[in-house]
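One structure is given below, encoded as structure tokens.
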Amino acid sequence: MSFNAFASSLSKKLQEISTSVSEKTQELPSLAQSTQRMVQERLGQVTDISQLPREYTELEDKVDTIKLIYNHFLGVTAIYENGSYDYPKYINESVNEFSRSVASKLTELTHATSASEAQNILVAPGPIKEPKTLNYALSKVALNSSECLNKMFPTEEQPLASALLQFSDVQAKIAQARIQQDTLIQTKFNKNLRERLSFEIGKADKCRKDVHSMRLRYDVARTNLANNKKPEKEASLRVQMETLEDQFAQVTEDATVCLQEVISHANFSEDLKELAKAQAEYFETSAGLMKEFLSNSFAEEPEAKPEVAEEEKPQTAISMNDEDDA
């Protein structure tokens, strides 16, 4: 690149920066006036406030309600993203497991004979961890209890040990069903609500800010024109007010369309249906597994009818005959 071309390019860049700075500088008085106006309105010092169309304010209220519902539900259903929500004890167990893992690696490192071997020990993955859920904890404790009974009485059949083993298997299956429920809720409920909050409602919030910002600027321009005491400025102030009035009307129209789109896409009944379906499938699976376990492991035997002693039968007959004679 020649020096002249470089100089020309540099001059152009400097001109663009100068223009940008000039524009920002010109905006400062307007921004200061808008900020002052906003404070005055909040303090009740200004009552001449341009009213937004009723259709628009009703749309704002509807979108606020949708946003409130989404946020309130997510405040609860976000718990499904924490696998141990039904087993808080796992925190202590995780600390103990981490300590054991560190101790094990330190022991292995003391026996390493080379730097590469030590590196392999450090990067080697740890044991596969079971999900820290209540059902998995029940499955584990039932399995351990079954093994203890079998070791204590190796030559005897242990119905309780067998029942514990079956209970362990059932709890593991229920744990898997719960994890499946959590995954469905995360992907088909939480994710959908968050995406709408981030994109559609986020876009609507920006449009609403533009409307209220433009309304402030328009009201400032109206006030400036009304309070003007210099005839030579009246024409320019009127043009400024009319320009801002048109811009205010345009951003309000654009925001109205945006708010309507949010409302039309907010099919929360379908989201609620997905949440209920995930829960129903989990509850049905869990109930079915538990009923099957109870039926197989604790089948109730029919109660035996009490036998009537032979010597009591004639006595009963005699008693009845005595009543007839009476």
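Backbone N, Cα and C define each Cβ position, glycine as well.
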## Note on the structure
Among 187-214, 299-326, Swiss-Prot lists region 'Disordered' at 299-326
### Annotated ubiquitin cross-link residue, as Swiss-Prot has it, among Lys13, Lys24, Lys229, Lys233
Lys13
